[in-house]
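Participant: Sharing a structure here in structure tokens format.
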Amino acid sequence: MSQCCCLSPQEERLQGTKKVNRQGRERVYKILDRIQFTVPHVDIERARYFTESMRQTEGELLTLRWAKALKNVAEKMTVYITPDQLLAGRVGQLGRYGILYPEIDGDFYIEVMKDLPNREKSPFQIDPTDMQILMEEIAPYWEGKTYHEHLNKVLPAEIRGVTYHDERGLKSKFVVSETSSYRSALQWVPDYEKAMKRGFIDIQNEAKAKLAGLDLTNSVDIWEKKPFLEAMIIVCDAIMIWAKRHAQLARDTAAATSDPVRKQELLRMADICEHVPAYPARNFREAVQCQWFVQMFSRIEQKASAIISNGRMDQYLYPYYKKDIEEGTLTSEEAKELLECMWVDMAQFIDLYINPTGNEFQEGYAHWEAVTVGGQTPEGEDATNELSYLFLESKREFPMTYPDLAVRIHSRTPDRFLYEIALTVQDGSGFPKLINDEEVVPLNAIKGCPINEALDYAISGCTETRMPNRDTYTSGCVYINFATALEMLMNNGRLHYYGDELIGLETGDPTRFQTWEEFYEAYKAQHINLLQKAFQQQHIVDRLRPQHFAAPLSSVLHNLCMKNMQDLHSEKIEGGVDYSYFEFLGYATVVDSLAAIKKLVFEEKRLTMREVLDAMNANFVGYEPIQEMLKNAPCYGNNDPYADSIAKDVDRFTQVEAEKSSRDRGIHVDVRYVPITSHVPFGKIIAATPNGRVAGFPLADGSSASHGADHNGPTAVLLSNYHSKNYGMINRASRLLNIKLSPKCVAGEQGAKKIMSIIRTWCDLKLWHLQFNIVNRDTLLAAQKDPNSYRNLIVRVAGYSAYFCDMSPDLQNDIIDRTEHADL
């Protein structure tokens with residue numbers, strides 16, 4: 001085991017100097033011990049029964065077909081109750097599992113499925129009989145019908161050329177990467193509170209009343225609204241049928257058990273499942289079970305980017321918690337145990353990416369169902385309550401990768417709550433991530449969201465926010481590798497990785513640029529060319545998706561969908577906010593490279609462009625002095641106005657183009673800096689860059705500094721983020737910011753106060769997102785050498801935490817190479 005002078009609590013647990021307290025958690029640890037670190041398996045039932053129904057309903061409105069398919073799945077798929085569990089509702093076999101969505105990527109099955117058990121990243125087992133059913137029954141139906149095939153067919157050649165690396169579109173080019181062919185929707189947050197307060201019988205009655213009020217002489221009412229409302233009625237039946245089947249299973253299991261304690265647990269489970277989600281929840285246990293049914297049935301409905309988030313759990317569960325505590329029918333420990341039963345079942349659902357690109361972008365069995373706590377009420381008051389603290393306690397006491405815990409921070413966040421956040425950060429497992437109300441709320445309001453709803457946002461995905469009854473944009477986004485713009489500028493429109501293929505603009509021989517202004521204008525031309533191709537790609541994506549996807553459950557829980565009688569996947573829903581976005585990949589890599597060229601070539605003339613090109617073409621072998629000069633040029637992340645001003649201008653003209661696309665496409669387009677793990681594969685196709693980075697090395701992630709380039713401490717990193725933002729522009733959104741700290745610098749009471757201070761500074765600067773890794777480099781290196789001794793090591797990756805040993809060596813090295821700040 002690693003021997004470090006100061007360990008985080010997580011590291012102490014790993015080394016045995018601090019024991020894991022299982023007392024009071026015997027139930028959840030029994031479940032966890034059975035499934036943790038097992039290789040997940042593929043469950044085909046969702047795909048099988050969904051396909052069976054879709055085969056029978058061709059020609060009907062897609063939303064209606066989808067609802068009928070969900071009902072078929074609800075009636076036929078096997079239901080399970082995990083031994084020792086207090087909650088019912090899973091969508092696959094016992095153990096860790098993933099499910100399939102052939103409507104998205106069934107055309108990949110023949111090429112990809114056979115390799116699932118042996119692939120390097122996130123392998124899955126599959127039963128041979130299931131494989132046969134998949135290939136003989138399921139895949140043939142979807143041939144020629146999948147969304148991916150349609151998109152690949154209609155993309156113009158010049159857009160395909162930056163999107164896919166092969167004719168079939170199986171592999172991304174990693175230049176302008178669409179994400180819509182491996183997910184049917186972006187991350188989503190259902191309106192759980194509506195289901196809890198009203199129940200699906202009442203929601204269904206609303207649809208029936210609307211149906212009865214239609215004008216059946218009106219063509220729109222007959223052909224669009226009528227089948228939509230019929231779909232809403234059917235999907236309400238579907239989720240209630242599914243719940244009732246769990247109730248019956250619980251009764252049958254109770255009858256067969258000899259353990260009197262377990263028998264009573266199962267009988268109570270049966271009673272709860274017969275009541276919710278059909279009727280309003282009456283207590284905390286019913287509210288939690290209702291939430292879990294909605295969350296898991298949402299997974300049957302669609303592949304929402306691995307993320308059906310939990311929403312503001314401390315808000316919508318609190319009335320039930322408070323009532324039960326006051327009446328003496330629930331203790332805080334019982335509430336915690338019930339929630340941890342949810343966490344441990346959540347950990348068993350593993351998002352399965354058949355698409356090779358999706359698997360590259362979501363390493364480490366990534367999925368992140370964020371629990372949002374803290375923040376403000378719709379009236380603008382501090383929203384912290386007893387449950388907010390309980391979620392933080394659970395994360396410290398029962399450390400797991402699931403759920404992702406996200407805390408909303410504002411200028412009036414209580415010191416006591418901030419202290420508990422600091423203690424959780426100190427633990428070292430990367431939780432919680434922080435989202436800043438002072439940036440998010442006014443920005444969403446300016447973009448058109450009513451202020452009370454902007455104040456009530458939930459965190460969804462890595463750093464995204466959702467307003468469950470106002471958001472209507474579900475389409476996939478695009479990841480743009482702007483380091484390719486830099487390389488194409490230095491290589492006349494070409495990338496070394498792809499040989500002589502012309503991918504960008506032919507901007508000429510870079511040695512002929514006489515001034516920085518000429519060079520920078522040529523860079524902007526390459527950059528904007530990528531943006532324009534990305535916007536064209538996404539325009540096509542947005543037009544195709546309503547032909548392939550529907551979401552009746554999400555729609556019936558969405559006020560605007562019910563008001564307008566439109567499916568959530570409709571192209572435009574009146575009253576909704578459409579926040580489209582694209583991801584900026586390689587921000588600090590580009591900025592540092594531009595700063596080095598400007599400083600060393602054009603201003604100080606210490607290097608010629610030819611010398612820089614020769615050094616890069618040799619991957620700096622034999623040119624180490626030049627590499628050091630480039631590395632020592634001004635770098636983003638150090639509160640250096642030289643680099644930060646370039647960063648701000650790059651962000652500025654990128655937002656200008658986003659605003660133009662917003663006008664052209666009739667939706668709001670934002671620039672975001674959230675890579676997940678895509679900066680690793682994106683970096684593999686990029687040759688050496690002018691900031692001294694070697695070929696194939698990962699790009700800088702999010703809005704963080706380049707690895708090893710931030711020398712002036714975390715406050716300087718925050719200030720660079722602040723100075724590089726264009727606060728006067730509104731085509732901006734989330735910026736993912738990783739900061740890695742040594743455990744020693746944040747140890748003890750003083751360390752907690754330091755964390756509180758840096759969070760307050762971050763909040764005052766109105767930055768969007770912040771998350772910490774607090775782990776010794778020696779621990780990470782030891783885990784690479786001896787993974788079996790470090791199976792429980794959790795680290796922060798992008799907007800999620802994952803087990804370090806579940807990652808590829810490339811991603812592990814990316815985390816190791818992040819700058820570790822030893823002082824605050």
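Keep in mind that glycine also has a Cβ here, set from the backbone N, Cα and C atoms.
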Participant: Pick from Arg665, Arg672, Arg693, Arg732: which one does Swiss-Prot list with Arg183, Gln187, Cys462, Glu464 for the same (2S)-3-sulfopropanediol site?
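Facilitator: Looking at Arg665, Arg672, Arg693, Arg732, the one Swiss-Prot places in the (2S)-3-sulfopropanediol site next to Arg183, Gln187, Cys462, Glu464 is Arg672.
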Participant: Measuring Cα to Cα, how many angstrom lie between Gly799 (glycine radical) and Cys462 ((2S)-3-sulfopropanediol binding site)?
Facilitator: 4
Participant: A 10 Å Cβ contact count, applied to the binding-site residues Arg183, Arg672: which residue has the minimum?
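Facilitator: So among Arg183, Arg672, the binding-site residues given, the one with the fewest Cβ atoms within 10 Å is Arg672.
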Participant: Near the Cβ of Gln187 ((2S)-3-sulfopropanediol binding site), how many other Cβ atoms are there if near means within 10 Å?
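Facilitator: Its Cβ has 24 other Cβ atoms within 10 Å.
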